[in-house]
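Quick look at what TrEMBL lists:
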DOMAIN    30-545  domain 'Major facilitator superfamily (MFS) profile'
TRANSMEM  32-55  transmembrane segment
TRANSMEM  67-87  transmembrane segment
TRANSMEM  99-117  transmembrane segment
TRANSMEM  123-145  transmembrane segment
TRANSMEM  157-179  transmembrane segment
TRANSMEM  185-207  transmembrane segment
TRANSMEM  315-337  transmembrane segment
TRANSMEM  343-365  transmembrane segment
TRANSMEM  452-470  transmembrane segment
TRANSMEM  490-511  transmembrane segment
TRANSMEM  523-541  transmembrane segment
Amino acid sequence: MVEGGIAKPDKTEFSECWKTTWKTPYIMRLSLSAGIGGLLFGYDTGVISGALLYIREDFQQVEKKTWLQEVIVSMAVAGAIFGAAFGGWINDRFGRKPSILVADILFFVGAIVMALAPAPWMIIIGRIFVGLGVGMASMTAPLYISEASPARIRGALVSTNGLLITGGQFLSYLINLAFTHAPGTWRWMLGVAGLPAVVQFFFMLSLPESPRWLYRRNKVEEARSILEKIYPANEVESELIALRNSIEAEKADEQAIGDNFIAKMKGALSNVVVRRGLYAGVTVQVAQQFSGINTVMYYSPTIVQFAGFASNKTALALSLVTSGLNAVGSIVSMAFVDRYGRRRMMIVSMFGIISCLVILSIVFFQAAGHAPKISQLESTHFATNATCPSFLSASNPTSWNCMSCLKAECAFCANGANEYSPGACLAKTSDLETLCHGQHRTWFKDGCPSKFGFLAVVFLGLYIISYSPGMGTVPWIVNSEIYPLKYRGIGGGIAAVFNWVCNLIVSLTFLTLTKALGSSGTFLLFAGYCVIGLVFIYWFVPETKGLQFEEVEKMLKSGYKPLAFKTKSTRGENQSA
């Protein structure tokens, strides 16, 4: 998730939300209509994980070129970086509603382009369009919901956008599974996203602009008419006064620090409180991405195939579990983040993530070491010219196993009697794959048959359970609290850019890393990044649970140090405070 993040509602806010929306259904209609953008965000970032399996089957150049697979996946992220910046300008200049409508057009065009793509380059163009929509929706949907919601239930309603994002990812895995046997497979998977975009477009046409944006443009009566639909009659005037005071304060801040981007950046970076806030805010966003989460969300079925599950359908079904756990983790976070604190939840989460990544590294290492051997007899069983050329020219072919075969850009046709017995190492062609399946054997081209495969899926699930309630949602909460009010937009924006850029780096290099280091080495590398991230979180990120914004600002001004590194006098001052 990007700028806007997740608000931190409490239990009373949720119960109040149900009461208020039951009495005023217009509020829920408004929030859910805007929240479809979150659903599309989740769907379009998650659907590629399954679609990629079938794109590789249809286009040989994608199958053979790892970098092309990475580009197809990561271009949506690249588009989102520019979409967020472009969306910010449209939000300020033309309003929240036009920004959502433009995002819907981009989603729809991108979905159609991908569904009809005759070549990989067209899929990439479609992914860029979708990415632009993702970037715009990621910041506009929560902004629109927050500005058009009653203050007392704002956090709960904005949280529905976060749930719709993880829900959209889960839905994408369900859709992927549903179309595994349909003609056109990946075209349907990618094209379906056009439907909710059309639905949201027409819903939004009947909804108003944000009252805050209207008031800022001196359209006071229009803002009033919208507030009258949202608030009880006796609260409208007080809300208008609160809105006026908030906007006047915002304009005063702009006059003090400048209203252009460069002036705001200079003001932010010259302020010691903002700089220390950025140390914390950027740390948690970078640590979130380098925990490797989006390698799992974007490549989950591929990782399951690395673990030895050759069937596309099986890989998608098992990946559905990880996506479901991610959605559940978001709900768990909302229930516990105000009870146990942001810092503690992130540190516990990182310990769990590191443990799971190290164990996954060991599991994949053992799986590679115990891969089935290559049989000379089995390999020549299909005819000499079918055998992997590298195997035929190897100086010591008896030492080869399935993993050696895959590293040589060939495929493993499992033994018909027992897939863990020695099998054939064959050239990776579609004709030989058909021949292998025709003899009731399993064709492995991404991972090897392994008795450790089930363990890999279990610890992948535990990794998600460790990640989602802590590092999944808390970094966004920290970034909503850590900056002084007048710099909150620019501070959150800088941290969000770091999040997207790191997301792009990780998604653009994952398959290349697995090819160079193996699955085991790649997961161990991410575990190493997480150890560094844990150290930085421990040192730079303060606890903000239960603190007023002024208290957070005061703490950062005096300089934050972990409790273990404070002097006795400082501890005493903090305790008395």
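Each Cβ is built from the backbone N, Cα and C atoms, and glycine gets one as well.
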In contact by Cβ distance (the transmembrane segment (315-337), the transmembrane segment (452-470); 3 or more pairs under 8 Å): yes
Other parts of the chain folded back onto the transmembrane segment (67-87), taken as Cβ under 8 Å at six or more residues beyond its ends: 2-3, 44-45, 48, 52, 55-56, 61, 99, 102-103, 106, 120, 123-124, 127-140, 298-299, 496-497, 500-501, 503-504, 507-512
Contact yes or no, the transmembrane segment (157-179) and the transmembrane segment (315-337), 3+ Cβ pairs under 8 Å, gap 6+: yes
Stretch-level contact, the transmembrane segment (185-207) and the transmembrane segment (343-365), CB cutoff 8 A, at least 3 pairs: no
Contact yes or no, the transmembrane segment (523-541) and the transmembrane segment (99-117), 3+ Cβ pairs under 8 Å, gap 6+: no
